[in-house]
Amino acid sequence: MVENQDQGPYYQINDTKNPDLLHERRSATFDIELLTQFMFGGPNSYFNINKRRQLTRLAYAHPIHKTHLPLEYLDADEFYALLIRKSFVAIKEAERLNITDRKFLGWFLSVFTNGRFIFGLHTSMFLHTLENMASDEQQEKFLPLARSFQIIGTYAQTELGHGSNVQRLETEAVFDSKTDTFVLNTPTLTATKFWPGALGRSTNYVLLMAQLYTPDRSHPCGLQMFFVQIRDLNTHEPLPGVEVGEISTRFAHEVGDNGYLRLTNVRIPRNQMLMKLAYVDEQGTFHRLGDPRLLYGAMLATRVNLCAFFSILLARAVTIAMRYSAVRRQGQNPDGKETLILDYPLQQEKLVPCLAATYAFFYSFIKLEHFRASILDGDTILFELLPELHAISSGLKAYTSTHGERWSQICRVACGGHGFLVASGIKGINNMLDAGCSYEGDNAVLYQQTARFLLKVIQQLDENTDTNPDSSIAFLYSNKVAPATVVNLDDYCRLFEARSELLLKSMSTRLSELSSSSSTPYSVFSKNSIELVHVAKAYVETFVLRAFYDGVRKASEHKELAVVFEQLFHVFAIDTLRNSAADFIRLKLLTPDQIYHLETYGLPDMYARLRPNLIALVDAFDFHDNELNSCLGRYDGQAYEALMERARLNPANRYKVHPVWTSIKQNAKSKL
């Protein structure tokens, strides 16, 4: 049934009802579908746009989507109940349509629930961890139940008092040889599991990260993962010794059903410790099995995928803001007509760098995903490259979420007051990117992990002369001299690589000098952590810029796309460079006049060149209107009509006179 669905774009140019937006689309210098297929098409593409279109059409065809008010008009209980119903209907529909591929299933479930599939952690980290950490016997027992949703789980690692510092988690699992069980406890307030998605009211199992003690409490064996039932499968009541609940509401009333969990002397069988990489025998002896780096590699996939997620979110935000800017008119020109706000250079200054960054983020993710697949998806896992994969994925997750959040806020501001409405769609995107700066690794911590990798590389530079030319650190082994000025696109890449190399070598020299003093390695690293994060960001920017450059070179195969991609590259490179101008000046890579010229003349020139294609460039992302969930970013351009329709649906408008005013007026009359 999926294969029979239409693979074409969701909308055609004739679906445009706003005349200004129609003019924009007719002004494009390239075929939009050509760009869409170039960026996101093909069965070997991570995004596989044609398959995604088929799944999206099937998801939105279901009648349940017409049975409720817009989500912002529901109270918390209504919101939660609706998402639970939609999530279960989505599961049944996926079964009916026989959607079995893991990635396609994830797409369908997410689209069906407007990005709010309540069991997202179940289908991702819960299943993924079982597949990578459970023994063959455990997988045979647990996986069929989990894949069929007979049990629903989440991933319980973060605690009230510890997040990124995993080694200090306090939840305990003490082996009791007399009963062949583990006794689970959260012995302190800060040991409370806090934040896991769907934990509050939805899941009945957790994968619990806990400190193992065996054969008794006096013998710590480090962190292990445990398969723990927390609710009765028939009544959904919490089991004895389990305290579980929902934590306080987050921004925008979003429902992730994030919860807390406390355990008091909860016993589980010995065979419910996941035992692929380690196990405890009946006598309580702890044994390690296999290579723990297998788990390390498997967990990196989640972080890599987040870079795609953040890129998609930013693409939605800039699509909304750009389309609305081609509809909204404000101010008066000399002819007495209102000016389209997209024609204002100040509006272009907000949105064009954001658009360029979005394309850069997509290309950097594509390069990172190819690198991940080359390491982990072959017949032999390339363990020696895992540190580099960890460094890039950590840095890129931090970079795309931080900058994505900033750019999405700029998109919100670019839409004026209407952009602050939930109905704009942008505030929800901004909130998700904001949260992304903290979950799956605090960004400051992740940048420091990237910096540690770079320091090791630079310290071993003379020993490792044989480096893959496609490596993200290949520039450190190159003898190329930084260009004195920018003549071509590669010059930007070389300038950023020179900057990264100089910053890293300077930092390495400083740390070496400090290490010879009485200071401890910890204090040396801590005191220089601000600059180390800066060094890590510089490295990530070289990766993003080089990935974007590779994409531009590939686009040269299509004459009508080549020029547009070069223009986008110029915008991203100059905008990124001007934000780090102090580095390039201090390191004598560019003069202040050179940077001034690029910023003052180069950027506006690129804005003007890109102007006819700005709407086409966001249309190429090919979002369905339901995905954007935005009155401002509708494909047809009827922003004002949509805003009024949404406002009239507000339940507050069911009263001509609100009861409180009826009461006030009656009291006033009675006093008279």
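Cβ from N, Cα, C; glycine included.
Quantities reported herein were computed from a predicted structural model and do not represent experimental measurements.
Record features, source TrEMBL:
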type: DOMAIN; residues: 32-152; note: domain 'Acyl-coenzyme A oxidase N-terminal'
type: BINDING; residues: Thr158, Gly197; note: FAD binding site
type: DOMAIN; residues: 296-455; note: domain 'Acyl-CoA oxidase C-alpha1'
type: ACT_SITE; residues: Glu440; note: active site, proton acceptor
type: DOMAIN; residues: 489-664; note: domain 'Acyl-CoA oxidase C-terminal'
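Secondary structure by DSSP for the domain 'Acyl-coenzyme A oxidase N-terminal' (32-152): 86 helix, 0 strand, 35 coil.
Between the alpha carbons (Cα) of Gly197 (FAD binding site) and Glu440 (active site, proton acceptor) lies a span of roughly 12 Å. Within the model, the domain 'Acyl-CoA oxidase C-terminal' (489-664) carries an average pLDDT of 95.
Between the C-alpha atoms of Thr158 (FAD binding site) and Glu440 (active site, proton acceptor), the distance comes to 10 Å.
Neighbour counts of Cβ atoms within 10 Å were taken for the recorded positions Thr158, Gly197, Glu440; the minimum is at Glu440.
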